[in-house]
Each structure stands twice: as structure tokens, then as C-alpha cells.
Amino acid sequence: MSRLLVINGGSATLKFGLYDDGRCSLRGLVERLDEAPRLRLLQGSLDDDVFPASEGGHAAVAEALLAWLDRRVGLATLDGIGHRVVHGGTALDAPVVLDDDHLAYLAGLEPLAPLHQPPALAIIRALRERLPAMPQVACFDTAFHRTQPRVHQLFALPRRLADEGVLRYGFHGLSYAHVTRRLPELLGERARGRVVIAHLGQGCSLCALKDGRSLTTSMGFTALDGMMMGSRCGSLDPGVVLHLQQQRGMAVEEVERLLYRESGLLGVSGLSADMRDLLASDHPHAEEAVALFIERLLREIGALVALLGGLDALVFTAGIGEHAAEIRARTARRLAWLGARLDEDANREHAPRFDAGSGPALVVMPTDEEAEIAAATRRCLEASFPR
Ligand SMILES: Nc1ncnc2c1ncn2[C@@H]1O[C@H](COP(=O)(O)OP(=O)(O)O)[C@@H](O)[C@H]1O
Ligand SMILES: CC(=O)OP(=O)(O)O
Ligand SMILES: [Mg+2]
């Protein structure tokens, strides 16, 4: 019997799950981390158990969540804890039972994932303090993409930088691994063809798959590249960064804040980073942000289709991909040139297949990063501590 806790610190939410022999019995998330943290259970019930009020901010919320989980499941009774760690660099490309050396290496990558790596490592350290003997496993977003052909890992920069690890890594790998594993149930052989997955959540990226493996992906060295996101700009002329620093005298920290936290849907709309708010608003700036989101999405899809040499299936996943029928419809209608045909009713109903039966398959598939982490953690613990 294995009892595992999984923690997934996204940029906007803190998700968790409890797995007994792979079966999930409790799953939920804390959202609105910065203002009014709120616990929402997706599986299991709160009964009269109250989630402690806490001030905003990742550290305070994490502390409150660990205290609540300890009361609820008894952390000391676990066999292990699995974590999503977004950046594994060049050295860590498979799940590991964390030791001091790993933690020091991963801390060195914090500047490459400022929204994700520091809070994830802080929770790991807090758990190590509480439970020094508890095995903790890190599962990496970057791992899925380490199979990308070298030419897709390179930037057009002097090659010494590539030798030093300045490469396109790619992220959301746990989500892509989950969707890739499940896709044959829906598509059969076609799942091994030319597939593009659009992971559209707070962070957004796309991945081109060939034979079920990552060929290339829209995120690069950091989770800032590629698609426009909730509060991140995505691909940007690097000349803008030079301009901000040289002509406007902005400090590095200010530029980082602008690109990671003040841009994307939030920056363009001036209203919200949350797609729900923008779709519900009739403010012209909200519509402009959504319009730009669609254009940027089409640009990314077009690039990946060109690299794949065609398209057999387009898959939408994560918060926006799974729930925003309007975004899927507006995107799919513009792909008629690829032979895509939208079934409007199926799309409105969030049916798993929403194409009209010809052209590339149009698919909605819920992602489950926590289930992926639970399975990977279990395999890693079994290999590291054979009975
Ligand atoms: N019904 C919906 N319609 C439109 N957007 C939605 C809907 N539900 C969730 N979203 C969007 O999904 C995004 C969050 O995605 P999610 O994958 O949960 O994020 P995270 O990166 O924190 O894991 C937010 O922008 C939210 O607005
Ligand atoms: C890597 C990344 O952007 O993750 P998230 O979507 O959870 O912010
Ligand atoms: Mg996410």
C-alpha cells in the first residue's frame, strides 16, 4: 500500500492530491493566492473542517495548507511526497528522490522560473523541516522535452552559450505527458501522428508531438517564451528589453516584474489576467486582449504545423483550453485552410471530439498534472527503495 501526497505549485494556484495505490481520495486547490486565498476541493468533502484563514502570498498560504493537510491526512503517515518542480536544467531529466545536492542545484535555477521554482522549493524545505525522513520526489516540467532534437533546443546565439546550458527547455511537460498517454484512447493510431497540444492555463504553451514525443514546444529557456499568457508576455522582440533598460532606465527587477506579472492578458486588457473575466466583459480593451490571444495562438499553431509538415490532431487542455468554448471555436474557425471543420454544438458541450468528422481531429482533453506526478513518484520510490 502506498500513500502519497502530491503538491503542484502553479503560478496562480496551489494544487494538491492524496493518492492511495494510485487512487485519488482527496484533491483540491488554493486559488487567489495573493489576495483572499480560498480552498476549493475537487474530490473529497470539507465536512466541518475549516481551512485556516491566512494572509495572501505563497509562503503564508503554503503554511496554512500544510497545517490543514496534516490535520486532515496526518503527514507523518505518508510513504512519500511528490512535487512539481518546473525547471530541472540539463542535469535533472527524470524524477528524483531529493537530497541536499539536488536542492542546491534546483535553487540555482530559481532565476529561470521566478514564479514557480522559489515557492516549490520553499514548500519542499518546509516539509523537510517537519518530516526529515520523508522521501520527497521532484518531477520536472522540463523532462518531457529533453528528447527534442538538438536543432530544436538551440537558440541562434553563439554556440558557447548552448554549451553552458542556454537552451530551449520547454515546460508543462507533466501536462503533456498525461495528455499524450491518454490520447490513444480517443484517437487510436492517429495519436502517433502529427499532433499539436495547446496547454492554455495561467501559463500557456504549445507542443508539437511526433510518435508521441516532444518534437518542439513554444516555451524556451524560461516559461516566458512563446504564447501570450495570463500575466506573461510570451515571445517578445528582445530589443524591447534593451529599450526598457537603456532608454527608460528600468532596473532588472522592474523588467522582470513587467514581463512576468504585468503583461499578457492582464497587461493588454488593463483589467484581469483571468480569461473568464475578459470573456464576460464588454470593455473594448478586454476584447482586444482576447483578440490578440487568438492571433498569437494561431501564430504558434501555424509554426508547429509547418515543422510537423501537417496536422492530424489539435488538442486543447488546461483551464482555458478545457473550459473556454469561445476560444476553441474562434481558433478552429480560422483553421479551415488546414481542413479543420468545427462541430459548433459538440464544442459548446465540451465534447471530447468537436470536429465535424473530416480534417484534423479537434480534441478537448482535461489535463491532470497531479495524477502524472503521483504515478511518477510511485515509480521513482519503488525503484529507489525496492522491497
Ligand atoms: N470556464 C472558463 N472559461 C474561460 N476561462 C476559464 C474557465 N475556467 C478557467 N478558465 C481560465 O483558466 C485559467 C487557469 O488555468 P489553470 O490551468 O487552472 O491554471 P494554472 O496554471 O494555475 O494551473 C485562467 O485564466 C482562467 O480564467
Ligand atoms: C510552466 C508554467 O507556466 O506553469 P503554470 O501554467 O502552472 O504557470
Ligand atoms: Mg498550470
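The count begins at 1 with the first shown residue.
Using N, Cα and C of the backbone, Cβ positions are placed for all residues, glycine too.
Feature annotations, courtesy of TrEMBL:
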type     : residues                                                                                                      : note
ACT_SITE : Asp141                                                                                                        : active site, proton donor/acceptor
BINDING  : Asn8, Glu369                                                                                                  : Mg(2+) binding site
BINDING  : Lys15, His199, Leu200, Gly201, Gln202, Gly203, Asp274, Met275, Arg276, Gly319, Ile320, Gly321, Glu322, His323 : ATP binding site
BINDING  : Arg84                                                                                                         : substrate binding site
SITE     : His172                                                                                                        : site 'Transition state stabilizer'
SITE     : Arg232                                                                                                        : site 'Transition state stabilizer'
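Everything TrEMBL records as a feature, shown here on the structure.
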residue	record	DSSP class
Arg84	substrate binding site	strand
His172	site 'Transition state stabilizer'	coil
Leu200	ATP binding site	strand
Arg232	site 'Transition state stabilizer'	coil
Asp274	ATP binding site	coil
Ile320	ATP binding site	helix
Glu369	Mg(2+) binding site	helix
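Long-range Cβ neighbours of Gln202 (ATP binding site) (same chain, at least 6 residues apart, Cβ-Cβ under 8 Å): Gly10, Ser11, Ala12, Thr13, Met229, Gly230, Ser231, Ala273, Gly319. Nearest neighbour of Glu369 (Mg(2+) binding site) by Cα distance, taken over the recorded positions His172, Leu200, Arg232, Arg276: His172.
Counting in whole angstrom, Leu200 (ATP binding site) lies 15 from the residue listed as 'active site, proton donor/acceptor' by their C-alpha atoms. With a CB cut-off of under 6 A applied against ligand 1, the recorded positions Lys15, Asp141, His172, Asp274, Glu322 are reduced to Asp274. Residues within less than 8 Å, Cβ to Cβ, of Arg276 (ATP binding site) and separated from it by at least 6 positions along the same chain comprise Ala324.
Among the recorded positions Asn8, Asp141, Arg232, Asp274, Ile320, the ones whose Cα is located within 10 Å of the Cα of Arg84 (substrate binding site) are Asn8, Asp141.
DSSP assigns Lys15 (ATP binding site) to a strand segment in the three-state reduction. Checking the recorded positions (Lys15, Arg232, Asp274, Glu322) against Asn8 (Mg(2+) binding site) with a 10 Å Cα-Cα cut-off leaves Lys15. By the rule that a residue counts when its Cβ sits under 6 Å from some atom of ligand 2, the recorded positions Asn8, Arg84, Arg232, Ile320, Glu369 yield nothing. Listed in sequence order, the residues of the same chain lying 6 or more apart from Arg232 (site 'Transition state stabilizer') and placing their CB within less than 8 Å of its CB are Gly203, Ala223, Leu224, Leu259, Tyr260, Arg261, Ser263, Gly264. Among the recorded positions Asp141, Asp274, Ile320, Glu322, the ones whose Cα is located within 10 Å of the Cα of His172 (site 'Transition state stabilizer') are Asp141. Nearest to the residue listed as 'active site, proton donor/acceptor' in space, judged by Cα atoms and limited to the binding-site residues Lys15, Asp274, Ile320, Glu322, is Lys15.
The binding residues for ATP are recorded as Lys15, His199, Leu200, Gly201, Gln202, Gly203, Asp274, Met275, Arg276, Gly319, Ile320, Gly321, Glu322, His323; their greatest pairwise CA distance is 20 Å. For Ile320 (ATP binding site), the same-chain residues lying six or more positions away in sequence with a CB closer than 8 A to its CB are Leu200, Gly201, Cys204, Met275, Ile327.
Cβ neighbour count for the residue listed as 'substrate binding site': 24 (other Cβ atoms within 10 Å of its Cβ, all protein chains included).
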